[in-house]
Amino acid sequence: MIKVFKDLKFLILITIILLNLKSINCKIIYGDSVSFERVLSPQLGKNITLPWGKDKVIHLCNPHGEESIPVLVSNNIPLGKLASNDENFLAIFGNQSFARLLAHFNCKKTEETCIRLRTDLPVFTSCLLIGSVDGFDHVTFNSSLSGVPTNMNSWNVDTVGKFSNNLTSAGRIIVKNDNNQISLGCFEEGDKNNLNYILMHPNNPIDTIDICYKSFNEESEYVLYGLVECGDTSKSSFSISGYVFFDKYYSSSRINNPPVAGQIVYIQQKNGVVYDLDGKRVNQTITDARGFYYFNNIPGGDYQVYITPSDPDTLYSPDVDSNLQDPYTNKATNGSIETYIYINGSGVVPVSKTNFDDIKLTSVYVIREMNIGILPKNISMEGLVFIDYNANGQMDTAVTNTSAQDKPYSGVRVQLLDENRVVRDVITGDDGIFSFPDVPYVSTGYIAVIYTPSGNVMTNYPFPPSPLAGEIINLEIVPNNILLVGLINNENYCQDSPLMAIICYANQGYNESHADDPVLITFPSNANKHLYNMPHGTVQHIATHKEIGSVYGVGVDRVNGDIYTSAFMKYYSGFGPSGTGAIYKSTTKNNDYQTSLYFDLNKAMNQEDYCGTDSHIYPMDNYDGGVEKVGKIAFGDLDIHNGSLYTIALATKELLRVSISDPRDFQLYNIYNPCIEEPDDWRPFALGLRHGNIIIGGVCSKESDSTNIPVGYIMEMSGNILLTVPMDFPRGCKSFGGSFCIPGEYSAWSSVYFESQPWISDLTMDGEDMIISIRDRGGDLDRDVGTYDMLRACFDGDQLILENSGICGGVPGAHLLPSGYFGTPDGINSGEYYNDNFYYPTDNDGHDNVASTSGVVIPGYHTLFGSSLDIDSVGQGTVKVWDNKNGLLLYGIGVYLQSNENPTNNFGKANGLGDMEPICYNYIK
């Protein structure tokens, strides 16, 4: 049965009639007892209404009229005294001071008299106490609901006991029952001062109890009655569950409507307090992400379950399923529902562990789908546009060293449409959020129109395939559910954990004893061990020394993963078979890489020394020549952009562009020379990509005037200088030991290999900020130590500004001044943003500058991968990983380790690694 309250304006109440049960004794718990204090007359005339707890009443009357009038009087027995200290008896009345009882008198040989106890509403769990049944007393009673007699065999005996633990035992009460009534009697003599009692309860709801009494002995001419709230925890454990939902479609059903998550749901009785069957107070719970709530392990009866929306003008679902015809419908209207819960009651079913909603319930029975539908008067909707770097359709925000962290996409235009009407028009901010607050609710719903930026596609489009790149996207948007829009273009995309391609230099000529040494290799970017300690096959040998010789620049074609490398002049490592003008291509065929000549600038220009003359000395047994040509012939860095390969022809100081699809389509561009006073000293080498445009880095080497220190420049192809990089900052110790420090300050370019000679070798963007890798040319002039620098330049909204004192863009780095290992000044104004020190405790020595000669920021990563040396051993080629957020050195991946038995197996500390690039593929084909 469900009754709808209509006098509550703002609360949604589900009223489930139960009891306020406060104390536990074995498997029975007890609540309020009926107060008989108003029964003062020895004779009962008309009905008397008596209070039962705070909010219920019970009516006491004579069922037989004037012809048989019972004699009754209130009897409040003090608890805890000698005559009333039995613990089970005390538990029935909880922490009350008195046992509230009614005395019913009957003289020997007098006709029996009867009383009737009647409630206005059904009572679900109540216990009837009858005491002082002795000396041949005879008591009978029966019950009914709405005039229909109860099967009295359904009543349970809970306790047969006595009032006192200290007095002599009372007589034993005999119980006899059939379908129509229960009879009580006593045929034993006991201590008249120690009263006996029996406590019973019905298993079905009742509203009337008739009790009749007759005495057969003048020594016992009264019995006592008590009525108390109670519950049988072994048979009457219930749960209430349901959903709170936004009734967006006015359907009064939670199906296809969004849930209300995080909503506090309250439960109470009319007197305001609820206890579960473990005696714990229960008053509220919170809906989960599905809008689901439940109250577990409570006794059957009458409750109120409600929510209090923050908006007092909240409207509710228009229809109510008062007969529980549809399990998914709204069960509340005008603020409340009333339902009775008991075994076999309407909607009450056994708990089923195969039902997902019942999994956490410990009760025996449950009434499910007590659903509450809310109609939003004005609704607000919002969404988030983000850069989905790995295109997995999810916004990944977890910070790890080897995965992308998706970022908000600002500047995206979004419109809100009601059918064809534009309701709002907004632009996403720095947080990527677009919001439409306080728009009228419409039953047809709204559409968010995403004006996709050029070149981008949506990665989580709900109905694949997604619209083409740059096309407008229409998406359904609903309240209380953030619409996530993942966008990606090819430039920003990279699959999870891509392979990394890197150059490892081999000794001697390409056709000499190290011809088969690997030069171009790939390894997993998420490697957690040194490569030489990883299982066979983890590192792939793509091209050998005999195939490509000495190369530096590496470029990866995102379309198919082909890798391009360009010739490089390095001491004791000869050019490949096609000489100084060669660009090689390594491609996968039948799961195997094959390498061939892709482009020869010397041949293309019909001039065999256009890229410089090979100045190596062959055979290259113990000596090599031509060191003065390092950085001046062959090629520099290499990048691929928009279907073309770019590199720098060092001999002519030109930018070379070659079409990937047709190498006959190539072009040479003059590069602006910023070295006004000594134009011959201009040494461009590095390339990068900023805002979709090629940028170039180089140094004025000062080799024409060795008294000065080189200066670096970063510029656009147009010659617009983005950044000037003075190289006169302190650099700590190039090498240090127990008591020595070899100064690391930069010098002008020369043929003196042990001097540190700055060479801007790579440009890497981290968002709007730039990372400048500075290779030590001295490490390529001989087999001696090369020590590298790495500078960060932060964009202030107008220009790039170099780090200073280890701080960039207001963010402190890892090496504030002084940053040298022994406290020596190191870096611009004596501090460095990135920690590039190395200390080897075994030998008590190290270097203050072993940073990166080539830097990689995989799209979306917060880390910088750099080709470097020495992470935990001496003479070790290493890929180091730094945190771009704070400059901390996180870890290193050893690529090679110099062998004491065979020191010529690699270049050790002498610039043994070259360029490095991730193998990222295009997402948009």
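The chain as shown is numbered from 1 upward.
Just so it is clear, glycine is given a Cβ too, placed from its N, Cα and C backbone atoms.
Here is what Swiss-Prot records for this protein:
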CARBOHYD  N47  N-linked glycosylation site
CARBOHYD  N95  N-linked glycosylation site
CARBOHYD  N142  N-linked glycosylation site
CARBOHYD  N166  N-linked glycosylation site
CARBOHYD  N283  N-linked glycosylation site
CARBOHYD  N334  N-linked glycosylation site
CARBOHYD  N344  N-linked glycosylation site
CARBOHYD  N378  N-linked glycosylation site
CARBOHYD  N401  N-linked glycosylation site
CARBOHYD  N511  N-linked glycosylation site
CARBOHYD  N642  N-linked glycosylation site
SIGNAL    1-26  signal peptide
Listed in sequence order, residues with CB under 8 A of N142 (N-linked glycosylation site) and six or more positions away: P149, T150, M152, N180, Q181, I182, I209, D210
Proximal residue to N283 (N-linked glycosylation site) among glycosylation sites N47, N95, N166, N378, N401 (C-alpha distance): N95
Candidate glycosylation sites N95, N378, N401, pick with smallest Cα gap to N642 (N-linked glycosylation site): N401
Site with most surrounding Cβ atoms, counting all protein chains shown within 10 Å, from the glycosylation sites N47, N95: N47
Candidate glycosylation sites N166, N401, N511, pick with smallest Cα gap to N378 (N-linked glycosylation site): N401
Spatial neighbours, same chain, of N166 (N-linked glycosylation site) - Cβ under 8 Å, 6+ residues apart: L82, N85
Fewest other C-beta atoms within 10 angstroms, as judged across N401, N511, N642, which are the glycosylation sites: N642
N401 (N-linked glycosylation site) to N95 (N-linked glycosylation site) - Cα separation in whole Å: 62
CB contacts for N378 (N-linked glycosylation site) [other CB atoms within 10 A, all chains]: 12
Distance [Cα-Cα, Å, rounded] between N47 (N-linked glycosylation site) and N511 (N-linked glycosylation site): 119
CB contacts for N283 (N-linked glycosylation site) [other CB atoms within 10 A, all chains]: 13
N511 (N-linked glycosylation site) to N95 (N-linked glycosylation site) - Cα separation in whole Å: 100
